[in-house]
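**Student:** Just lifted these from TrEMBL, have a look:
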{"type": "DISULFID", "residues": "Cys39-Cys66", "note": "disulfide bond"}
{"type": "DISULFID", "residues": "Cys101-Cys128", "note": "disulfide bond"}
{"type": "DISULFID", "residues": "Cys163-Cys190", "note": "disulfide bond"}
{"type": "DOMAIN", "residues": "7-68", "note": "domain 'Sushi'"}
{"type": "DOMAIN", "residues": "69-130", "note": "domain 'Sushi'"}
{"type": "DOMAIN", "residues": "131-192", "note": "domain 'Sushi'"}
{"type": "TRANSMEM", "residues": "195-220", "note": "transmembrane segment"}
{"type": "TRANSMEM", "residues": "232-251", "note": "transmembrane segment"}
Amino acid sequence: LCEPSTVQCPPLKTPENGKENCSNPYGHFAYSSSCTFSCNSGFQLTGSEKLNCTDQGNWTGQTPICEAIKCPELQAPKNGQFKCSQSYGNFTYNSSCIFACERGFKRIGSKRLNCTATGEWAGFALFCEAVKCPPLKETENMKKNCSHPWGHFSYSSTCHFYCTEGFLLNGTSKMQCQPDGQWSTEMPVCQGTQILLYTGGVTASLVLFMIFGGLIALAIKRLNKRGKEFHIIQLGNSTVTCVLILTRFHIFSRHNS
């Protein structure tokens, strides 16, 4: 009778992040031993799935390895950036990437994406959208000219205002949409030139009234000190009134006691 072969093959090492399962009819890693290999979730086998020990004391192939499954490569969104933690390599299983948008833009989609065991990213595709400011409407007798780098009335939009003929601009002629979604200043208004002239005329009249009122009061005070009196004389049905005529001499002459 023939004795079973005692030929031995080199010991096999279980692949990292994987498993091996062997049958050994004539002893551990001996002739006719057969080993199959598999990988943990999130990893895929590279190499032969099964190895056999030959009568020459060699295995039929090299020990396979388990490599992390890859997810599609990510690109930073326009006007945004991302940062990843990656345990097994770039954009591989268990990688986690956090996204953020630049100043003046807001995130649309998931803040974080995770690479799953199936090679897909968990989360919604992300993009950065410009922050919007309240729409500006043209008012009566006003026109505007706007530029919108990132969309209508969005971050960095700039509007210039001007009035139609016969009207003057009251306020700032330029407004810009800021990163917080607010305009840089209040919207101007167009006013008719007659209204502006009337307002200016009233102001000037008040100033002149105050100046001349003060001068007249000063003149009367000085004349009273000199003993001047004013009388109203009744002549029959007629009344004669003495009218005080002031000159610059009366107002500004110095009193000689």
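Cβ coordinates come from backbone N, Cα and C, glycine included.
TrEMBL: automatically predicted annotations, no manual curation.
For each listed feature, how buried is it and what is near it?
**Tutor:** In the three-state DSSP scheme, Cys39 (disulfide bond) is classed as strand.
Proximity of Cys101 (disulfide bond) to non-local residues of its own chain (separation of 6 or more, Cβ distance below 8 Å) is seen for Pro77, Asn79, Gly80, Arg107, Cys128, given in sequence order.
Long-range Cβ neighbours of Cys163 (disulfide bond) (same chain, at least 6 residues apart, Cβ-Cβ under 8 Å): Asn141, Met142, Lys143, Leu169, Cys190.
For the domain 'Sushi' (7-68), the predicted model reports an average pLDDT of 96.
Applying DSSP to the domain 'Sushi' (69-130) sorts its residues as follows: 0 helix, 28 strand, 34 coil.
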**Student:** Measuring CB to CB from Cys39 (disulfide bond), give everything in the same chain under 8 Å that is also at least six residues away in sequence.
**Tutor:** Pro15, Asn17, Gly18, Lys19, Leu45, Cys66
**Student:** What is the total of other Cβ atoms whose distance to the Cβ of Cys66 (disulfide bond) is within 10 Å?
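**Tutor:** The answer is 22.
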**Student:** Counting each residue once, how many in the domain 'Sushi' (131-192) are helix, strand and coil under DSSP?
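**Tutor:** Final tally across the stretch: 0 helix, 27 strand, 35 coil.
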